[in-house]
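Taken from TrEMBL as is:
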| type | residues | note |
| --- | --- | --- |
| ACT_SITE | 154 | active site, proton acceptor |
| BINDING | 87 | substrate binding site |
| DOMAIN | 17-99 | domain 'PglD N-terminal' |
| SITE | 155 | site 'Increases basicity of active site His' |
């Protein structure tokens, strides 16, 4: 009589190995951020449009999405989405879906020179680049990109896949809804809500709520000046 053979699932993986999905301009900043953390080994870059074997600042392109299953079998489970999606958030969001469907997990990446208050909450796939500041009780939603030298003040809530470009500043209690984008050096006043899929241009000043899907052009002040607002007031 033979002893019954028991089988069990294999959960083994290497928690230090990570892939970068996307080999464009943003990837160079992400690669640098991952390397200086010192706790990850970049296996390579996944990109559907760059030839396999291309070197991107020291990391090779391994192929497109078709190589994800093989990497998973090799014990790679972590991935960083470096597709920016500026102007088209769906491109970035689709990458997250591809990675999730293939079984990968996206950790939050915070550059060592950035400061995140311990009371702040970062969701999966968040990227916080060099010299940025995230203050107390802020919530940063899944896949949000906080670029260099951004200030996110206390009690702010950033939705899914929002994007804050270099130098953007939000005062306290600001809400940035899902997929909204804030341009370089734009400022958002305290308590303002920027609606879903809104786009705020470089250098704009946002003083009041911005409706979903609104585009505020570079250098503008929101809301726009209304010359008739005080026209009928008594002198």
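Every residue, even glycine, has its Cβ placed from backbone N, Cα and C.
All TrEMBL annotations are machine predictions without curation.
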Q: Round to the nearest Å and give the CA-to-CA distance linking residue 155 (site 'Increases basicity of active site His') with residue 87 (substrate binding site).
A: 27
Q: Provide, as an integer number of angstrom, the distance between the C-alpha atoms of the residue listed as 'substrate binding site' and the residue listed as 'active site, proton acceptor'.
A: 27
Q: Tell me the residue counts in helix, strand and coil for the domain 'PglD N-terminal' (17-99), as DSSP assigns them.
A: 33 helix, 22 strand, 28 coil
Q: Take the Cβ of residue 154 (active site, proton acceptor) and count every other Cβ within 10 Å, whichever protein chain it belongs to.
A: 18
(Q) As a test of reading the model: what is the averaged pLDDT for the domain 'PglD N-terminal' (17-99)? (A) 96
Q. So how many other Cβ atoms are close to the residue listed as 'substrate binding site', meaning within 10 Å of its Cβ?
A. 9
Q) If you draw a 10 Å sphere around the Cβ of residue 155 (site 'Increases basicity of active site His'), how many other Cβ atoms fall inside it, taking every protein chain shown into account? A) 19
